[in-house]
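Participant: Quick one: structure below, then a few questions.
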């Protein structure tokens, strides 16, 4: 995979969204300066937690190795389960809630849930206790940094802080520029979605700040898309699945219909969709929470109580 520099270009003012998504985003709408908008505007309060990412992971779990290219499929079944995406997302929420070292918390969760399938490099990192390697990241550009970052988009209330924290938590393992960029793009998109930015504004920010390609529609992506564990081969597609959606469930169906790394695509898309659409449909949320064990549910509930915006607007 290409190794790019760590510098990220600043937002350009006045970029107009065009292309196949223009109708969904607002045709020809000129983006505002998102940095100034987000930092100067009071947060639009919404009912948000990280449940959208977790539900997406669980729904996508059975399709990761049995890809489908359609939006018509059952959301839950007897084999639906939570994967490492949910485990490490909840681990990050735990670390944020209790101001813990995220590397230590990830290792604790890894050993607590050994039956979950983790990425090979992460598994080596989590099991290695040699003092010279123990705290060293492994320069990954994999989508693991993006899949677990949704709590950052909910827990911090300043775009600069969200970007900083996304990099900080990603770099514990994924210190490659692409790994950091994927985490930042995901967390920033969640933050913008929950603070009232339009799809047009979100899309323009992602393109201009991170250089991701968002010009292709899902119908153009789907026929040729295959399993890709990189951030650069997952995050833009997950964001596009959100941009073309009409609601939370539709966003999840969009993501899984692409094939590929289905649980991670749906996890990333689900975190964004929950933020934008003001929550997860009750039935989906209850099913997802029912699949988590008591310990995981406890962290999700605690995170909800800590970062729930009481004045909910639909």
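The backbone N, Cα and C atoms fix where each Cβ goes, and this holds for glycine too.
Here the structure is a predicted model, which means the values were calculated and not measured.
Reproduced below are the annotations present in TrEMBL:
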BINDING   83, 84, 85, 261, 263, 264  Mg(2+) binding site
REGION    1-26  region 'Disordered'
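Relative to the rest of the structure, where do these features sit?
Facilitator: Residue 84 (Mg(2+) binding site) falls within a helix when secondary structure is assigned with DSSP. All protein chains included, residue 84 (Mg(2+) binding site) registers 23 other Cβ atoms within 10 Å of its own Cβ.
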Participant: Excluding near sequence neighbours, so keeping only residues 6 or more apart in the same chain, what lies with its CB under 8 A of residue 263 (Mg(2+) binding site)?
Facilitator: 56, 57, 58, 60, 61, 63, 64, 83, 85
Participant: What are the other residues, in sequence order, whose C-beta lies within 8 angstroms of the center of the C-beta atoms of 83, 84, 85, 261, 263, 264 at the Mg(2+) site?
Facilitator: 57, 60, 61, 64, 86, 147, 267
